[in-house]
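K.L.:
So TrEMBL says this about it:
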{"type": "DOMAIN", "residues": "3-107", "note": "domain 'Thiamine pyrophosphate enzyme N-terminal TPP-binding'"}
{"type": "DOMAIN", "residues": "198-315", "note": "domain 'Thiamine pyrophosphate enzyme central'"}
{"type": "REGION", "residues": "337-376", "note": "region 'Disordered'"}
{"type": "COMPBIAS", "residues": "349-363", "note": "compositional bias 'Basic and acidic residues'"}
{"type": "DOMAIN", "residues": "421-554", "note": "domain 'Thiamine pyrophosphate enzyme TPP-binding'"}
{"type": "BINDING", "residues": "462, 489, 491", "note": "Mg(2+) binding site"}
């Protein structure tokens with residue numbers, strides 16, 4: 001069949017589940033935008049700038065599984081690059097499309113706007129290639145091949161891909177395949193599969209202290225449900241990394257807590273580092289999730305599951321579809337006594353617990369004294385008490401509901417929420433590794449766009465908010481109804497604890513944040529609140545729970561107050577960054 005290049009690209013995007021294209025219009029992409037306008041089942045959502053659009057596409061992908069970003073050549077591509085790099089770092093599938101100059105101009109090396117005026121039309125692709133799994137320019141001769149290759153690569157490698165669409169070709173017709181895009185992985189080699197399964201079953205049987213350590217790639221590669229079923233079937237204790245928070249249930253009695261090297265609670269560290277059979281999913285240890293590289297995990301005790309390989313005690317075995325490996329492993333592992341009762345690791349209630357339950361096993365474990373692994377006491381509000389970081393986050397924890405999407409900005413918000421046990425089925429979004437501040441407000445826009453069925457809560461600091469604040473206007477224009485909790489502590493608190501507690505360089509302008517919804521969209525139905533005391537915060541939370549409108553809650557905190565985790569993190573980071581002779585607070 002024949003179809004225009006632009007329409008074929010739209011069709012392929014729809015086949016992989018994309019219903020919104022997020023970006024900024026520019027003269028080189030307007031023709032494709034016209035085709036999007038004419039298409040059914042897909043729409044364009046304009047952002048306030050390309051960086052915010054990339055952040056929004058990242059949030060969309062975390063909720064939907066893949067997203068599409070649209071920019072224009074040069075100025076738009078480079079503006080979005082930080083967001084693309086973050087998606088690459090965090091293993092987020094994103095299809096980035098840039099409207100490019102017409103082919104006749106690039107082939108003749110004309111000097112054009114949005115270029116360096118040197119006739120070089122390859123430098124933008126060269127700039128993006130280190131941060132994408134693929135970066136190519138489409139032509140009428142390669143359109144089908146490159147579009148399909150890009151989308152398969154994006155979904156397989158869980159990283160952004162980038163395609164330049166020249167402005168003079170999107171309306172040209174080409175011959176395209178009738179069948180939908182095949183995104184399936186190659187099935188496992190049967191001999192390799194059987195050998196790996198036999199060995200894994202044997203090693204499970206011999207293990208005295210098996211533990212599962214969950215990180216973000218377990219979600220990216222679709223392993224979470226299988227891991228949850230294995231945990232439930234064989235009563236397997238599990239911990240999470242900070243970059244894998246709430247991927248499995250934090251309410252399950254076999255949940256040990258968060259592993260962070262020497263920064264872990266002792267019981268968690270003892271169980272994880274003492275495991276003779278530690279199951280992982282390609283964890284990436286950086287200084288902020290490993291206690292400054294203090295983790296002590298040894299290859300001879302680790303079985304690591306990648307998307308197309310399994311590494312058993314250092315032996316790298318390829319030719320595998322790991323989803324198939326885990327599914328068949330689940331079938332072959334014998335069930336422990338009491339398995340299938342209580343709440344499973346995916347967070348689904350399964351009735352009353354009987355017999356030798358997971359709770360009975362957890363009670364025998366050193367991690368039972370870990371505050372993360374013990375259900376917290378109900379929070380009691382102190383009337384008139386000024387809000388403090390130590391008591392704010394337990395109060396916030398009780399406001400979060402099962403099934404919420406919780407988005408936590410890098411810094412105080414993420415560190416404060418880290419020790420709080422999330423209710424069941426919470427989707428927790430943060431940029432734990434890339435850590436670009438300001439990311440979460442646009443990510444909120446994208447996540448809500450992709451998932452309209454859940455309540456969305458954003459926790460963001462004032463410094464981060466000021467980087468991307470204008471995207472609040474898009475959230476309001478889209479008539480989304482999030483709950484935005486802004487921490488106003490008048491500056492960069494995480495930086496204060498690293499260095500410069502009293503320095504002016506860590507101060508920012510003190511905006512009237514709660515008034516911004518009405519500034520951006522006069523007459524908006526979003527309701528604003530402020531809180532300085534625990535009872536004011538409790539009243540605001542109660543009002544928000546009784547309202548069906550979006551909310552903007554500004555919380556006032558002391559500039560030098562911080563969660564305990566941040567107070568420890570700051571000096572540790574200063575020592576790592578500046579060395580033993582460097583400056584200190």
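The backbone N, Cα and C atoms fix where each Cβ goes, glycine too.
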K.L.:
What are the other residues, in sequence order, whose C-beta lies within 8 angstroms of the center of the C-beta atoms of 462, 489, 491 at the Mg(2+) site?
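P.N.:
Near the Mg(2+) site, beyond 462, 489, 491, sit 461, 463, 487, 488, 490, 492, 493, 508, 557, 559.
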K.L.:
Taking the Cβ of residue 491 (Mg(2+) binding site) as the reference point, list residues of the same chain whose Cβ is under 8 angstroms away and which are at least six residues distant in sequence.
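P.N.:
Within the chain, residue 491 (Mg(2+) binding site) has Cβ neighbours under 8 Å at 462, 463, 506, 507, 508, 559.
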K.L.:
Please work out the helix, strand and coil residue numbers for the domain 'Thiamine pyrophosphate enzyme N-terminal TPP-binding' (3-107) from the DSSP assignment.
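P.N.:
Summed by class, the stretch gives 54 helix, 23 strand, 28 coil.
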K.L.:
Tell me the residue counts in helix, strand and coil for the domain 'Thiamine pyrophosphate enzyme TPP-binding' (421-554), as DSSP assigns them.
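P.N.:
Split by secondary structure, the domain 'Thiamine pyrophosphate enzyme TPP-binding' (421-554) comes out as 54 helix, 27 strand, 53 coil.
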K.L.:
Relative to the Cβ position of residue 462 (Mg(2+) binding site), how many further Cβ atoms are located within 10 Å?
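P.N.:
Neighbour count, Cβ to Cβ under the 10 Å cut-off: 25.
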K.L.:
Do you know the DSSP helix, strand and coil residue counts for the domain 'Thiamine pyrophosphate enzyme central' (198-315)?
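P.N.:
DSSP composition of the domain 'Thiamine pyrophosphate enzyme central' (198-315): 38 helix, 28 strand, 52 coil.
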K.L.:
Take every residue in the domain 'Thiamine pyrophosphate enzyme central' (198-315), average their pLDDT values, and give the whole-number result.
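P.N.:
In the predicted model, the domain 'Thiamine pyrophosphate enzyme central' (198-315) has a mean pLDDT of 96.
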K.L.:
State the count of C-beta atoms found within 10 angstroms of the C-beta of residue 489 (Mg(2+) binding site), not counting that atom itself.
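P.N.:
By my count, 22.
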